[in-house]
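Read through the structure below, which is laid out as structure tokens, and then see the notes.
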């Protein structure tokens, strides 16, 4: 008997589980199933044909791949989650009987999750873990600002605070920071670690306000936090040993004391003070990093065409690492201290603040060696002439442009220039005019600093040493002079030739009349002789005229004719029609399996064009409004003067 193939028993219908079927397969509730999927990195899948995957159902369901659920069956954490469910029931039973001793014993023996093997499983190499460090640090920095709640426990916040300070110390010691940016979400930082770019966000320090349950599910966030704390511990350990730092580090100020846990302002103060102190090194060094020597390319540039760009980028990064070296900054109490201390220390500068307000100050405000004082107020009563009083944005803009900017635009009370994002791509559709000006200024400095050898023309390669090579400017002047001289000579020759032609015509007419009279009065023989004489005379006249006309052509160069050009204007309507036809033809040539991807790319391009157009229109409106306000202000000033 032939075996029959039943519907949805093979193919895409047998490749997926719904969430309910997966929970029944693993014997877990929804809370434990979510936590297990987060820890193992299992996410829902989108099938190619949803109706087949859902056995003919058209409603939207959460689907998981069958191989992923089979993979979770062999995870040891599943047994720990099942044991937790049993312990929760027993603890609840002991509390209902008011047997507190039994409840405390079971709480003490509560099963703990061990995530070390999951970290090693998900990230086989160290570089794989660094690539996933963005979300890890962003979440830990956010948890470090949280107070202890019912869901976000004290242990999680304590570990987050310590791990983030350790990571910031590594970035300072390795001088790995590259880009910074201030936004409404917080402070964006980007560092280069082991050749990988890591970007994270540090939120602004505001009073904590609890969220409603329907806004943010903190239990899901806690599952990510539990995994990221273990992952960050592994990464910090490897990073510290890579630059010869002792791990775990011993901070000068305690971050885990009960006093700091109870007082948020006290914790922030001691956290910033810990960033301003050097850590203990395992090699006994003083913390000064040696500048690596740049390797020079000994081959031809044709073998590696981007070698000049790579060399230039390496030189710029080396200069950026010591951007604030030799500078001393003093922070007023109104400025955000943590991001400024972190940035200044990353680039070799020294920083301090008022020791009467916060702990960890290294020098006083009266120190004469201070070069910059960062303030965020319109004016100050007492000022020192030996330092610049600037606003905090100067530090961020100097880092992004990789040079010390002039301080005149960032003085106290000055209207600051726009704070440009360093994360925009070079091929962006819309670039602000301020960013274009900054790019041109940077390119101009690079051209002044770098010496570019002169390009050798292919026609000049065979020139011998005996021949003199003229300067291009002198050669161009000589060519212009020769062309002008040839034009003037041709003009004078044409005028002179015109006069001679008129005289020759007059003499020819006279001779013709005399010849006619002779023909009328003479005999037939004389006529024959006269004709022979006329032919001889004509030949002689032609021989006399021809050299005169050929002389300027043979001896002098021809002139260059200049014609008036016409501007070609393209028809916009026809251009749109042609573009649509080309787009339709391009879409028709795409294969059927790639049409969905192609449509997504086209929609993305249209969206980018629309956003660029909206930004340009917005900028035009803002500029128009500013001009109108400026005109109104000038009118008011004129009225006051006239009054």
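Cβ atoms are placed via backbone N, Cα and C, with glycine included.
Features reported for this protein in TrEMBL:
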- 319-412: domain 'BRCT' (DOMAIN)
- 437-475: region 'Disordered' (REGION)
- 464-475: compositional bias 'Acidic residues' (COMPBIAS)
- 492-567: region 'Disordered' (REGION)
- 492-518: compositional bias 'Basic and acidic residues' (COMPBIAS)
- 524-544: compositional bias 'Acidic residues' (COMPBIAS)
- 622-643: region 'Disordered' (REGION)
- 622-635: compositional bias 'Basic and acidic residues' (COMPBIAS)
Segment-level pLDDT (mean, integer) for the domain 'BRCT' (319-412): 90
Composition by DSSP (helix, strand, coil) of residues within the domain 'BRCT' (319-412): 26 helix, 15 strand, 53 coil
Secondary structure content, the region 'Disordered' (622-643) (per DSSP, counts of residues): 21 helix, 0 strand, 1 coil
